[in-house]
Amino acid sequence: MRMTVIPIVILCGVLSVVYAVWTTKSVLDADQGNERMREIAGYIREGAQAYLTRQYLTIAIVGLIVAVLAWYLLSAIAAIGFVIGAVLSGVAGFVGMHVSVRANLRTAQAASHSLGAGLDIAFKSGAITGMLVAGLALLGVSIYYFVLTSVLGHPPGSRAVIDALVSLGFGASLISIFARLGGGIFTKGADVGGDLVGKVEAGIPEDDPRNPATIADNVGDNVGDCAGMAADLFETYAVSVVATMVLAAIFFAGTPILESAMVYPLAICGACILTSIAGTFFVKLGTNNSIMGALYKGLIATGVFSVAGLAVATYATVGWGTIGTVAGMEITGTNLFFCGLVGLVVTALIVVITEYYTGTNKRPVNSIAQASVTGHGTNVIQGLAVSLESTALPAIVIVGGIIGTYQLGGLFGTGIAVTAMLGLAGMIVALDAFGPVTDNAGGIAEMAGLDPDVRKATDALDAVGNTTKAVTKGYAIGSAGLGALVLFAAYANDLSYFAANGDTYPYFKDIGEISFSLANPYVVAGLLFGGLIPYLFGGIAMTAVGKAASAIVEEVRRQFREKPGIMAGTEKPDYGRAVDLLTKAAIREMVIPSLLPVLAPLVVYFGVLLISGSKASAFAALGASLLGVIINGLFVAISMTSGGGAWDNAKKSFEDGFIDKDGVRHVKGSEAHKASVTGDTVGDPYKDTAGPAVNPAIKITNIVALLLLAVLAH
């Protein structure tokens, strides 16, 4: 089985990378526009590459220490797995950003010809990042699994293979949390600081070249939404596939179906890469000029093709009949196929729900715009109300997904649903990475003084880009929540396995019964401790953005004060100073909060062990803390990302001209618009820093707990 399916899976991963290379050539061959556009894009490119180089250097230092620890505490193959996960995650983000900072001016230039041409370049740029994320993640896991089992000769379900693959997921997780948090602090420090002085104090429009923070804002779009999201979804993809393979190794140990069950998630991802590539060719602007409609055509085509891909993957690996029993439940290939379908349906519903809560001209966004008419305070109140309300429907969908898949295929069925969800990652990341390119294109059009019709086209693309970014975050959080649940299942089952084999693993000998009962005070304590982590983490992230934004406010005011010619247009702002200031702030502020979810499981386990003297109580508290992180993290992340997206598009409503309930039209520069800018400055760090960074924090706590078990077993 492995000998036939794995090479095909690897070939699918290679095709994804080949598609990305071919599309890169197509994007880079497009017209770059006039000299002024090239000059502005050059500033953005230099700033983004300088920031990312410094960020990766910082991560490399931390990563090197962790790799040495993995080698010492686990094994050489675990350390190599960690390095593979970290390096490939970094490469996906770096190459994606490398293309996006070159596609921005080409999109602006293409938009000067037609809206469709602008959409084509921006989407292709996003598709490059998307296919690299899916392709490199699949190649990393499948090739390393093949090497471990076929070249090094480890049995597929052995602890050596499981530990090495979990370490690969940990490598991706560590990059992800740093990239998400660091990129988020940079981008929102620039955005909020620049808006407060530029729009509110000086009364100049967004992306005005007189604002010294403008270039930093455009740099931030790339390092946050392109490189950051790429690392985030790479990690979710790799971690969820690995977790599902770990469950297969536990549930089907010693049965003939073991290898097929472990390869099944890889086969699903391989098939879905092909369907995602096919889906990209359906993104074309129709006669109604609906940009969202064009993007949805591609997403719907990918989803429909993925049903067939899922069927082929199921038939080629586990077949349609009975494959074994999980927790006394008979599992069939047909049931697992339906679990995959549930994953695709959950994805579709989360996309639709998130678009409803963040899309322009929808009730939630209109309610915030209407609240802006009566002032700043009412805007913030209504924005918070929408952010809280937006958690209900996604949570109900996720609950339905969990129960439905558990009834069909047990916890392994839930893992297959998450794998099918992440099979669509190539197309979903393409929709997300489309956002920063269109945002930058609008900035370049404004700064280069292009025709107002060009700015109108880029604004239309950017408004959709805001929604696609929010939709992608909803998808990333939903899949992360389900993925973390699969990781928790792996933790609980690993724990049972070690406890049942105490003679082989002496640390776990005679530890007694491990109970997750709520009557156990250590379980309740663990739940509460885990529950506080997303809030504390989010609070630290918001504080970091506030500090960075304050520094930018001071810097922009200083430049306006010391260079009066800037506002008159006779002096050039010092763009590099703001970029450098933010780079230092983001790198400095990202390290401590990033270590919080890494260290939390260790604090819980060893803290409870020290207090209670019972290993069973410590493991129960640790397991409960993982559930606390998953549940609270899910709600915190959804409320922040959807609420922030709604605030942003409420502000956009005024830029297009918002007609309130009394029929009065409010435009850019009006008092209502100023109130919406205040809401947007609150929503920005909500949706682009704290909310998205909670996502990898949820998974990293679960992975560290899994690795802790492996270390103790050694």
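Residue numbers in this text run from 1 along the chain shown.
Placed from the backbone N, Cα and C atoms, the Cβ positions cover glycine too.
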Among D510, D574, D580, D648 - the residue Swiss-Prot places in the same Ca(2+) site as D680, D684: D648
Given Swiss-Prot lists N218, D221 for Mg(2+) 2, the same-site residue among D439, D451, D453: D439
Other CB atoms within 10 A, centred on D195 (Mg(2+) 1 binding site): 24
10 Å Cα neighbourhood of D191 (Mg(2+) 1 binding site): matching recorded positions from D439, K469, K687: none
Other C-beta atoms that fall within 10 angstroms of the C-beta of K687 (substrate binding site): 27
Length of the line joining the Cα atoms of K188 (substrate binding site) and D439 (Mg(2+) 2 binding site), in Å: 14
Cβ contacts under 8 Å made by the transmembrane segment (263-283) with residues that lie 6+ beyond its boundaries: 1-2, 5-6, 8-9, 11-13, 15-16, 19, 119, 123-124, 127, 130-131, 134-135, 137-138, 141-142, 145, 237, 241, 244-245, 248, 294-295, 297-302, 305-306, 308-310, 312-314, 316-318, 336, 340, 415-416, 419-420, 422-427, 430
Shell list (Mg(2+) 2; ref centroid = CB of N218, D221, D439; cutoff 8 A): I44, N104, T187, D217, V219, G220, N222, D225, P436, N440, G442, G443
